[in-house]
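Enquirer: One structure is given below, represented as structure tokens, and several questions about it will come after.
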Amino acid sequence: MKTLSKSFAKEGIWMEQAEKPEFGHNDVLIRVRKTAICGTDIHIYNWDDWAQQTIPVPMTVGHEFVGVIEEIGQEVQGFSIGDRVSGEGHITCGYCRNCRAGRRHLCRNTYGVGVDRPGAFAEYLVIPAVNAFKLPNDISDEMAAIFDPFGNAVHTALSYDLVGEDVLITGAGPIGIMAAAVCRHVGARHVVITDVNSYRLDLAKKLGATRTVDVSKENLKDVMDELGMTEGFDVGLEMSGVPSAVQSMFATMNNGGKIAMLGIPPANMGVDWNQVIFKGLQIKGIYGREMFETWYKMVSLLQSGLDISPIITHQFDVDDFQQGFDVMRSGLSGKVILNWK
Ligand code: NAD
Ligand code: ZN
């Protein structure tokens, strides 16, 4: 079968041939239809410090996918051959305290599909059946292919009550933009999103941000004056991982504001802790998606009319994967899909 793999310890991704994977008693074998390129795949492509420390070479990469179950292990229940599925890329242990308490997203022994074990950029993918998510017919393949990052957005955005609240989202990457759409859909008032990339801010506007702010050109505090926000933001969703963005969020939150942090900052990021203490801010870290509460919420949000389809800006045949990676690396894209079939 065809795969896209990190074959060499240097910049790039390569198309390779591999054996169709074996599957165990509790696994499903999925024929992959569509995959999407994640920021993580770009880190792996670029072979940055994180990738060098994390990814064993060679490794089939990718973890955002939709496909159809072609074979099931003999102990698997609840799935049938022919089921259309996406799936959770965090493989959890099942026996740690958090797993046993039903908090699988907090498992201490998590393995990543396409990071620690062979990924979804392949004609066939094997994952444990408990990680597969059966899709209702009214969810398109395109949407299902981006459930992983959409789930990051939903998990982060729905951390707090948003109805009537003024929300600041720092970072209009694909996840920040989808989070803006979710906030609007569930009834936030102002949904202000910041970035330094005008292409992405335009896309955020299209998906429902009420005000976009290019922080290289405009001052966030001036925008708050313009909007009549005298006190500060009620909810902050940090989706850039950029220290200056985190600092601006802490500085513009109202007293008692609530922050959810998804963006991955550099080690030892400095922040003004006095903002946290004297404003009584609440901060929650977000990793992945809740299994599988976030997945059910994603389906319900789409079925109740949330339209995030404009976030998919490009689709390529997998043979043209290089174009997909190039456009994703340029920053002039939302989500980029690779078609396998
Ligand atoms: P991305 O890199 O596409 O988006 C980050 C955005 O931040 C970019 O558009 C960038 O232009 C913008 N940015 C740069 N400087 C800025 C500034 N000063 N102010 C505001 N924005 C600025 O990433 P993504 O795929 O949308 O993911 C968002 C973040 O979440 C990334 O840091 C990613 O590593 C992280 N992430 C975390 C998890 C998790 O489980 N915690 C999962 C997926 C992604
Ligand atoms: Zn566990």
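Residue numbering: from 1, along the chain as shown.
Cβ coordinates are placed from backbone N, Cα and C, and glycine is handled just like the others.
Automatic, uncurated: that is what TrEMBL annotation is.
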Enquirer: TrEMBL records Asp195, Arg200, Leu262, Gly263, Ile264, Ile286, Tyr287 as NAD(+)-binding residues. Which of Ile175, Ile277 is assigned to the same site?
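Expert: The record-listed residue among the candidates is Ile175.
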Enquirer: Out of these recorded positions, His43, His63, Arg200, which one has the fewest other C-beta atoms within 10 Å of its own C-beta?
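Expert: Fewest other Cβ atoms within 10 Å, among the recorded positions His43, His63, Arg200, is found for His43.
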Enquirer: Secondary structure at Leu262 (NAD(+) binding site) (DSSP, helix/strand/coil)?
Expert: coil
Enquirer: Give me the mean pLDDT over the domain 'Enoyl reductase (ER)' (12-338), rounded to a whole number.
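Expert: Averaged over the domain 'Enoyl reductase (ER)' (12-338), the predicted model reaches a pLDDT of 97.
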Enquirer: Any idea what the Cα distance is from Leu262 (NAD(+) binding site) over to Glu64 (Zn(2+) 1 binding site), rounded to a whole Å?
Expert: 18
Enquirer: Within 10 Å of Cys93 (Zn(2+) 2 binding site), Cα to Cα, which of the binding-site residues His63, Gly263, Tyr287 are there?
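Expert: Correct set: empty; none qualify.
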